[in-house]
Amino acid sequence: MADRVHPRDSPPISAESQSASPQDSSVVPQALRPPPSEKPVPPPGTYVIKIPKDQVYRVPPAENARRYDQYTHRKHRRSRCCCCCCWLIGILFILIVLLGIAAGIFYLVFRPEAPKYTIEDIAIRGINVTSPSSDVAISPQFNVTVKADNPNDKIGIYYLKDSSAEVFYNDARLCNGAIPAFHQPSNNVTVLGMVLKGNGIELRSEDRKSLAESQTKRKVPLTVRIRAPVKIKVGSVKTWKITVKVDCDVTVNELTAQAKIVSKRCDYKVDLW
């Protein structure tokens, strides 16, 4: 007959085991608990993404490297453009300051003044607005005397060729000509005589009628326009060629050789280029 095998004595039950109810599944014997993990456990609400090792790049792939190069190139080009703009603005500012200083010194040394122009006399021939035929062309001649005053102490004016002088009634040009070339020294007043002629001028009926009415009122408004290329001499230095523009509004009492100036006003400006 086989020997009977008796079970080994069970270990003593602790007080904690006795207090725990057999239904409490949270109480697990110490021997059955898994060992604590050595890796840190992420906090709740976070995610851990696992990427295969062969997809982790230390150098970006070709298409991404191309994009990165384009981005850095644009960034460097933008920075170079900003630097160039800053340098350009700085140089322009310095040039403006230097020009302002030079202009101030020039004004203090030479004290420039604008020349003055006036119409001294005007004689008119060849205009007959009382003719019964309104379609007859006219060939007027204007003898115009202009006074040019240069009040500067150290500045001379050289009047060059290719000048022009014209006389208008409203928008109708009556005659044209030129002023002679001459040199006007400093502190000088020069009186110029110009002969301006028109040939075959056909006036509109309304202009002819208005001209006749103005002569009846003994107030005929005319406009004298002068364009003269000049060079300014400052000391021993001459400037480039600039254009003097003179516009004079002149009112005469009649359209004859004995015409008298009733009123006059001249405006003057210069084109530097």
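Note that Cβ sites are derived from N, Cα and C of the backbone, with glycine treated the same way.
Residues annotated as compositional bias 'Polar residues' in TrEMBL: 15-28.
According to TrEMBL, the feature compositional bias 'Pro residues' maps to 32-45.
Marked as domain 'Late embryogenesis abundant protein LEA-2 subgroup' by TrEMBL: 145-248.
For 1-46, the entry in TrEMBL reads region 'Disordered'.
If you look up TrEMBL, you'll see 87-110 marked as transmembrane segment.
With DSSP classes pooled into helix, strand and coil, the tally for the domain 'Late embryogenesis abundant protein LEA-2 subgroup' (145-248) is 12 helix, 61 strand, 31 coil. For the domain 'Late embryogenesis abundant protein LEA-2 subgroup' (145-248), the mean pLDDT of the prediction comes to 93.
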